[in-house]
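The structure appears below as structure tokens.
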Amino acid sequence: MGKLVALTLLGAFLALIGERLVALREKTNAYREVEPVEPQNCHLIEGLDHTVYLYVVNHPHMESTVEIFKFEEQQHSLIHLKTIKHELLKSVNDIVVLGAEQFYATRDHYFTNFFLATLEIVLDLHWTYVLFYSPREVKVVAKGFNSANGITVSSDKKYIYVADVFDKNIHVMKKHDNWDLTPLKVIQLDTLVDNLTIDPDTGDIWAGCHPNAIKLVIYNTEDPPGSEVLRIQNALSEKPRISTEYANTGSVLQGSSVASVYKGKLLIGTVFHKALYCVL
């Protein structure tokens, strides 16, 4: 008799669970299929709802590290995740990130001692380089620069652009699947090229430049360092188009080091002065 009651109760319980599952499927429209209604001019928006990471070049105690942060959108804060150190990461000037803990970095001086670094410039040594870093592999991928400075990647991720500040040029290099770089050409300029960015809409290179390095190093309030921003179009062609998009003697902006363009807006940053916002 007791077993019969237990089986009856078990059956009732299972029936109740079954009925609740059916009701849940109805509640969640588990059986519904939507009829497609798709306007012609619809485009997926890339890059939303992904985690945002910030990579920062740091120089603690005259050394070089790369700090990785995670951006918390709701709190508008950064969470420090990791500090990257390596014996080849010396005198790091700039990096371009191409994947999770995968980046190219420029070394702007071979020597870390101030006196030797200055002598290196005077002697016109070409001992600086570009290296590739990943958790599995760290290697030098391009060398022979006077002072490898700003670095960026083309819109299609196939080419790397490196500014050699004291040689006043931009090196164009092809990126291979194994992360090696092959030199293709050098775009010679008439100004000291600092940092490089890419216009995401056109692929043009924008360069923050220093018209006069002496004025930058030996600051004079009566004769301050000027600013200059160049735009390089069709960098891969035989004759890239180079245009001056901003230039100032220092009365408005001093020591321009980077220029970034987005949707017809230009932002110019400096080494130690102000920032300038322009509508193109």
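The count begins at 1 with the first shown residue.
Each residue, glycine too, has its Cβ placed from N, Cα and C.
The signal peptide annotation in TrEMBL covers 1-23. For N93, D94, N149, D194, N195, the entry in TrEMBL reads Ca(2+) binding site. The feature N-linked glycosylation site is assigned by TrEMBL to N195.
Structure coloured by features recorded in TrEMBL.
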residue : record              : Cβ within 10 Å
N93     : Ca(2+) binding site : 21
D94     : Ca(2+) binding site : 23
N149    : Ca(2+) binding site : 25
D194    : Ca(2+) binding site : 25
N195    : Ca(2+) binding site : 22
With the Ca(2+) site defined by N93, D94, N149, D194, N195, which remaining residues of that chain have Cβ atoms positioned within 8 Å of the Cβ centroid?
T106, D108, G150, I151, A163, V165, L196, S257, V258
